[in-house]
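Visitor: From TrEMBL, for reference:
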DISULFID  C44-C270  disulfide bond
DISULFID  C187-C235  disulfide bond
DISULFID  C216-C223  disulfide bond
Amino acid sequence: MAKYGWFALWLVAWHVSALDRSWDEIAFPSKGSSNSIGSYANGCLAGGAELSLDGAGYQVIRSQRKRYFGHQDMIGYLTELAGSVDRLGIGHLLVGDIAMPRGGRFTSGHASHQTGLDADIWLRLPSEPLTRKELQNPEPYPVVDIDNYRFKKEKWTTNHSLLLQIAAVDERVSRIFVHPLIKKQLCEVSWKERDWLRKVRPWWGHYYHFHVRLHCPEGDNQCVAQNPPPPGDGCGAELASWKPYVPVKKAVKKQPVEPQKSSKPKYQECIALLTGP
């Protein structure tokens, strides 16, 4: 009986140790079809699909971070969007973070991107593919002076507006996050159809890229959907409320940045993905 007792203790110790594993230590997705589990900011991804590092009209940047996995719906969306952009001659898409092989919380950066239904696309639209070296450490293209809350009109083109429209009209898209001043710029355009602007949501930080979020895919029953955006195009008082009040600046002592701790998985299926082979 003693050996079974030791085995039980070993099993408990192994399980606790496995839960201390971080999602970015996992090199491969699980087998099977894609399934988004949980919410965008607390979940995981079963059967993650891999986005090829380059394809028609796009390249994946910073591939060394291994954040180019997603739900098969997201991979399909990105390749189709890149194809449309390529045919229109808008430029070459630079695809940033999607998700890790099995989703979960990044140790740095986003709180979302956990279920394979979020993706970052940069606003830099090169006419030619980047070199391998450039892809590893790409130069961003900020269109907002965030220190002075000023939109850089000289850096914005009609291609940027068109790209965001094409990205948003797809019925798979739930939201697109951009800096409030980018949203303001889009609101000032005389679009024939404005319904898609409802999906474009102001959010801090998105001044050199935009963040696409897809709806929960049909059949992914454990995927937690987000409430739809408020009615309307979002170009009125709500958008104006994002303009910051600028207080008198005080000297702030910089604190060292510590890596984020992975939140404990909420769903048993996520625990299985985190602890399994």
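For all residues, glycine too, the Cβ spot is worked out from N, Cα and C.
Where in this structure would I find these features, and how exposed are they?
Guide: Proximity of C270 (disulfide bond) to non-local residues of its own chain (separation of 6 or more, Cβ distance below 8 Å) is seen for I37, G38, G43, C44, G103, G104, given in sequence order.
Over all protein chains present, the Cβ of C187 (disulfide bond) has 16 other Cβ atoms lying within 10 Å. DSSP classifies C187 (disulfide bond) as helix under the three-state reduction.
Using a 10 Å Cβ-Cβ cutoff, C223 (disulfide bond) registers 22 neighbours.
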Visitor: Are there residues of the same chain, six or more positions away from C235 (disulfide bond), whose CB falls under 8 angstroms from its CB, and which are they?
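Guide: Sequence-distant Cβ neighbours: K183, K184, C187, L197.
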Visitor: Would you mind listing, in sequence order, the residues at least six apart from C216 (disulfide bond) in the same chain with a Cβ closer than 8 Å to its Cβ?
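Guide: For C216 (disulfide bond), the qualifying residues are S36, L117, C223, V224, A225.
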